[in-house]
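Participant: So Swiss-Prot has the following annotated:
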- 13-34: transmembrane segment (TRANSMEM)
- 49-71: transmembrane segment (TRANSMEM)
- 92-114: transmembrane segment (TRANSMEM)
- 129-151: transmembrane segment (TRANSMEM)
- 164-183: transmembrane segment (TRANSMEM)
- 193-215: transmembrane segment (TRANSMEM)
- 244-266: transmembrane segment (TRANSMEM)
- 286-308: transmembrane segment (TRANSMEM)
- 317-339: transmembrane segment (TRANSMEM)
- 359-381: transmembrane segment (TRANSMEM)
- 388-410: transmembrane segment (TRANSMEM)
- 420-442: transmembrane segment (TRANSMEM)
Amino acid sequence: MKETNSFSQKLKQFALLFFPIFVTQMSLFAMSFFDTTMSGHASPIDLAGVAIGTSIWIPVSTGLTGILMATTPIVAQLVGSKKKEDVPHVVIQAVYLAICASFVVILIGLFTVTPILNGMRLEEPVERIAAQFLSIIAIGIIPLFTYTVLRGFIDALGKTRTTMIITLLSLPINVVLNYVLIFGNFGFPKLGGVGAAIASAATYWCILIITVMIIRTKEPFASFNIFKQLYRPSLSSWKEFLKLGVPIGFAIFFETSIFAAVTLMMSNFSTTTIAAHQAAMNFASLLYMTPLSLAMAMTIAVGFEVGAKRYNNAKQYGFIGIGLALAFALLYSILLYFFDDEIASIYTTDIQVHHLAKEFLIFAILFQISDAIATPVQGALRGYKDVNVALIMTLIAYWVIGLPLGYILATYTDWAAKGYWIGLIIGLAFGATFLLIRLFQVQRKYTTQNSRS
């Protein structure tokens, strides 16, 4: 990152931040995408089992990686304020937290996964695949969480192209392992959805190994000497980190778990409905990688400018990110409307699943505008280290408004499973409105301070 003077310079620098992040997020998502699509072509039961497994795994993993994402704004502000010498201590303490969090998640999972799945009253084959999926994916928790911290450090320096290269190097491993293990090619046993979990866990370890090697040997990362000194664990540092990270993590958890909760509630419907819902939700999540990538770029850009006390520049980056997100939302809405049949065909050859997935995809169009506002706005707020109000807003929008309304519509109207999608859409719209108002308040506060000084 460097200081910019004109709007065009900011737009160019933001694009250079965003594009590698976008490729990285798409590549990471591609692992889940290939898990879902390839499992779906194995059988509808495998697709449903992976759907249930990921609906439990994704909120946990994204919520905790969200906590660890606090590395990015902290390091970005340190670099912006020319405090490079403080960076190694922050990163190592975050790595310690990541490892501790990994063991806690694994321990809790040992005692909770089976009761949760038993309580869902799934068909026996679906429950078995979901349980095996979760047991195996746990092997990849430690590398995934540790990589999240190290990626936050790399991205905070504005070197988002590096994380892009790391992920692109790892993606082919995931695809090949999926092909071999899901379908039983080259003499390996046919494992179906369980093979997808093995492939993802192995890929997470590959990503971590590559990242550590780059940080140790390549500039500008090597000059920070991140691994030169293993600092003693510092509870005070953990407390400061968690003060920022926990609201970020829970805000992400509330947003992602609402979709997972809907998937779990879909267990009351048929396997066909679960599979169709998962297919449509998976593609909607694919499109979500764009506003998410814009949000991550905004955290870096806004955090850097706030650290340097250039608050007007930070405000301009906010407008750039939201504007780009709305433009992409329009493009994706057109794509969903005109190519719903082709999109559904990617996920399944089953006629009933295909038809129902097309109906769900139409609802995904309405997700686009809300995501284009809410997600980048949260990225900007993280750059300001303003996270507590966003946490409360997301809780209310998704869990107080969206999910209860969806349940009512699905249970007491003819909308059935589609009622959950309508509830999600309304919850997302409220969340986008609340968060945008908060961003304006924060920007006004900082620009007022700037004018007074």
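Cβ atoms are placed via backbone N, Cα and C, with glycine included.
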Participant: What stretch, picked from 193-215, 286-308, 317-339, 388-410, 420-442, has the most CB pairs under 8 A with the transmembrane segment (129-151)?
Facilitator: 193-215
Participant: With a Cβ cut-off under 8 Å, give me the same-chain residues at least six positions beyond the ends of the transmembrane segment (92-114) that come close to it.
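Facilitator: Answer is 56, 60, 64, 67-68, 70-71, 131, 134-135, 138, 141-142, 145-146, 148-150, 152, 226-227, 229-231, 233-234, 237-238, 241-242.
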Participant: Between the stretches 13-34, 244-266, 359-381, which one has more Cβ pairs under 8 Å with the transmembrane segment (164-183) than any other?
Facilitator: 13-34
Participant: Same chain, outside the transmembrane segment (244-266) by at least 6, Cβ under 8 Å from its Cβ: which residues?
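Facilitator: That would be 51-52, 55-56, 58-59, 62-70, 73-74, 120, 273-274, 277-278, 281, 285, 378, 382, 385, 387-388, 390-391, 394-395, 398-399, 402-403, 406-407, 410, 417, 420-421, 424, 427, 431.
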Participant: Is the transmembrane segment (193-215) in contact with the transmembrane segment (420-442), using at least 3 Cβ pairs under 8 Å (sequence separation of 6 or more) as the test?
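Facilitator: Since fewer than 3 Cβ pairs under 8 Å link them, the transmembrane segment (420-442) and the transmembrane segment (193-215) do not come into contact.
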Participant: Determine which residues of the chain contact the transmembrane segment (193-215) at the Cβ level, with the cut-off under 8 Å and only residues 6 or more beyond its ends counted.
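Facilitator: Tertiary neighbours of the transmembrane segment (193-215) are 31-32, 34-35, 38-39, 42, 46-47, 49-50, 53, 129, 132-140, 143-144, 146-147, 150-151, 153-154, 162-163, 166-167, 169-171, 173-174, 177-178, 180-183, 221-222, 226-227.
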Participant: Taking residues 6+ outside the transmembrane segment (317-339), which of them lie with a CB under 8 Å of any CB in it?
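Facilitator: Distal contacts: 10-11, 14, 18, 287, 290-291, 294-295, 297-298, 301-302, 305, 361-362, 364-365, 368-369, 371-373, 375-377, 379-380, 383, 439, 443.
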